[in-house]
Amino acid sequence: MRVLYLLFSFLFIFLMPLPGVFGGISDPVTCLKSGAICHPVFCPRRYKQIGTCGLPGTKCCKKP
(Lines of atoms letter the chains of each structure in order from A and count residues from 1; the text may use other names and numbers.)
(Lines give C-alpha, C1' and ligand atoms only; values in the text may rest on other atoms or scores of the structure.)
Protein backbone atom coordinates (compact mmCIF):
# COMPACT_ATOMS: atom_id res chain seq x y z
CA MET A 1 0.00 0.00 0.00
CA ARG A 2 2.82 2.41 0.73
CA VAL A 3 4.14 1.85 -2.78
CA LEU A 4 0.88 3.18 -4.19
CA TYR A 5 1.24 6.41 -2.22
CA LEU A 6 4.80 6.80 -3.45
CA LEU A 7 3.76 6.10 -7.04
CA PHE A 8 0.90 8.59 -6.80
CA SER A 9 3.19 11.31 -5.46
CA PHE A 10 5.73 10.78 -8.26
CA LEU A 11 3.01 10.86 -10.90
CA PHE A 12 1.58 14.03 -9.39
CA ILE A 13 4.96 15.78 -9.46
CA PHE A 14 5.88 14.72 -13.01
CA LEU A 15 2.48 15.44 -14.52
CA MET A 16 2.11 18.82 -12.84
CA PRO A 17 2.20 21.69 -15.37
CA LEU A 18 5.22 23.96 -15.33
CA PRO A 19 4.66 27.52 -14.13
CA GLY A 20 4.65 30.07 -16.93
CA VAL A 21 4.08 27.54 -19.66
CA PHE A 22 0.34 27.02 -19.52
CA GLY A 23 -0.73 30.10 -17.60
CA GLY A 24 -0.41 33.60 -18.97
CA ILE A 25 2.38 35.85 -17.74
CA SER A 26 0.93 39.09 -16.43
CA ASP A 27 3.61 40.79 -14.29
CA PRO A 28 7.25 41.84 -14.78
CA VAL A 29 8.65 39.55 -12.07
CA THR A 30 7.21 36.41 -13.70
CA CYS A 31 8.37 37.64 -17.10
CA LEU A 32 11.96 38.12 -15.95
CA LYS A 33 11.98 34.80 -14.05
CA SER A 34 11.03 33.00 -17.27
CA GLY A 35 14.09 34.44 -19.02
CA ALA A 36 12.20 37.02 -21.05
CA ILE A 37 12.25 40.82 -21.32
CA CYS A 38 9.57 43.50 -20.97
CA HIS A 39 9.30 45.67 -24.06
CA PRO A 40 6.89 48.53 -24.82
CA VAL A 41 4.41 48.42 -27.73
CA PHE A 42 5.73 45.36 -29.64
CA CYS A 43 8.37 42.64 -29.37
CA PRO A 44 11.69 43.12 -31.18
CA ARG A 45 12.55 41.04 -34.21
CA ARG A 46 13.14 37.32 -33.50
CA TYR A 47 11.28 37.57 -30.17
CA LYS A 48 7.91 36.00 -29.43
CA GLN A 49 5.29 37.50 -27.14
CA ILE A 50 4.56 35.17 -24.21
CA GLY A 51 2.50 37.54 -22.06
CA THR A 52 2.25 41.07 -20.73
CA CYS A 53 4.21 42.95 -18.09
CA GLY A 54 1.25 44.44 -16.24
CA LEU A 55 1.31 47.90 -17.79
CA PRO A 56 -0.95 48.65 -20.76
CA GLY A 57 0.92 48.10 -24.01
CA THR A 58 3.98 46.46 -22.42
CA LYS A 59 4.74 42.99 -23.78
CA CYS A 60 6.73 40.12 -22.29
CA CYS A 61 9.00 38.88 -25.10
CA LYS A 62 11.24 35.82 -25.28
CA LYS A 63 13.55 34.38 -27.92
CA PRO A 64 12.15 31.10 -29.26
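Using the three backbone atoms N, Cα and C, a Cβ is placed for every residue, glycine included.
Here's what Swiss-Prot has on this protein:
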- 1-23: signal peptide (SIGNAL)
- Cys31-Cys60: disulfide bond (DISULFID)
- 33-48: region 'Phosphatidylinositol 4,5-bisphosphate (PIP2) binding' (REGION)
- Cys38-Cys53: disulfide bond (DISULFID)
- Cys43-Cys61: disulfide bond (DISULFID)
Secondary structure at Cys53 (disulfide bond), reduced by DSSP to three states:
coil
Counting Cβ atoms within 10 Å across all protein chains shown, which of the disulfide-bonded residues Cys53, Cys61 comes out on top?
Cys53
When secondary structure is assigned with DSSP, how many helix, strand and coil residues does the region 'Phosphatidylinositol 4,5-bisphosphate (PIP2) binding' (33-48) contain?
1 helix, 5 strand, 10 coil
For the disulfide-bonded residues Cys38, Cys43, Cys60, which Cβ has the most other Cβ atoms within 10 Å, all shown protein chains included?
Cys60
Cys43 (disulfide bond): which of the disulfide-bonded residues Cys31, Cys53, Cys60 is the nearest Cα neighbour?
Cys60
Determine, to the nearest whole angstrom, how far the Cα atom of Cys31 (disulfide bond) is from the Cα atom of Cys38 (disulfide bond).
7
For Cys31 (disulfide bond), what is the secondary structure by DSSP, using just helix, strand and coil?
helix
Which whole-number value in Å describes the distance between the Cα atoms of Cys61 (disulfide bond) and Cys38 (disulfide bond)?
6
Inter-residue Cα distance where the pair is Cys60 (disulfide bond) and Cys38 (disulfide bond), in Å:
5
